[in-house]
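If you check Swiss-Prot, you get these features:
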BINDING   31, 32, 33, 34, 35, 36, 37, 38, 39  ATP binding site
């Protein structure tokens, strides 16, 4: 079993080490289907946030949000802007770019939009269209910390790769839609274009620095340091999740807020050495604030887990069908990951048998 408390300590130590140079740190957590990566990511996130909530309960009124940020962050200035008529055409096509659904070289583009909460934002879309959109909220109203419940301030946030599954409508437009649906979960059935763009955005925010009027000492805790270095200038970033009942992405399910100092990215292909996936590691590693974990587990153990999950989510009607689906798709994806793992020295391998 994975010691998630030890992982939490390692992540907080990285944040402590880098807090003068990086606004946030990132964690990559990779494993084959059924390896437990989602559960581990959720536990890790919960442990870190609970530790911070305990700190806040013992140190009331410690949080400060200022507007001192270096450099001033412009997250998507290099992206092409869609014109209103182009946005209208995209919406008319059910939020898709019909000629680019399989184009892994399609460059993400941006346009003015609204979040699910009806806030002004910049939407960033790629070959998956609006289903896999990233939405960056407009920075405007200052945060009033006194009106925030302390247990609502989370410094860790998970970002599952699942939200970047191409929608079923998108897969329908593939040259071979039948195979695309059957092999859903393989590398080509994710919007790797926009997930890489998300990593570029996170890297930019990571490299921002916030000055503080407070002098920190060697005895100052990491929670004390980060509580004095939240920035109003860091925008909220909304990313999609995945609804297993609907079998499609759901918009704005996760929010990477200005309080998020640890981003836990979990998924199958984040260390994959092909197409856009191969650029993710370097994009985040170049910030100097990255931890990378690969979960190793025997395929015999994952077969039953995944078969039961397929049955519970309604993808199959019997456990036997679930096992067959695992062998014809999930197992292939797991082996693909192992055969195409990027070659870097700092991947920490952990067992979860």
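Each Cβ is built from the backbone N, Cα and C atoms, and glycine gets one as well.
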Take the mean position of the Cβ atoms of 31, 32, 33, 34, 35, 36, 37, 38, 39, the recorded ATP site. Which other residues of that chain put their Cβ within 8 Å of it? 40, 295, 297, 302, 305, 352
For residue 31 (ATP binding site), the three-state class that DSSP assigns: strand
Note down the number of other Cβ atoms within 10 Å of the Cβ of residue 35 (ATP binding site), including every protein chain shown. 29
List every residue in the same chain as residue 37 (ATP binding site), at least 6 positions away in sequence, whose Cβ is under 8 Å from its Cβ. 29, 30, 31, 266, 267, 295
Number of other Cβ atoms within 10 Å of the Cβ of residue 33 (ATP binding site) across all protein chains: 22
Select one residue from 31, 39: among these binding-site residues, choose the one with the most other Cβ atoms within 10 Å of its Cβ. 31
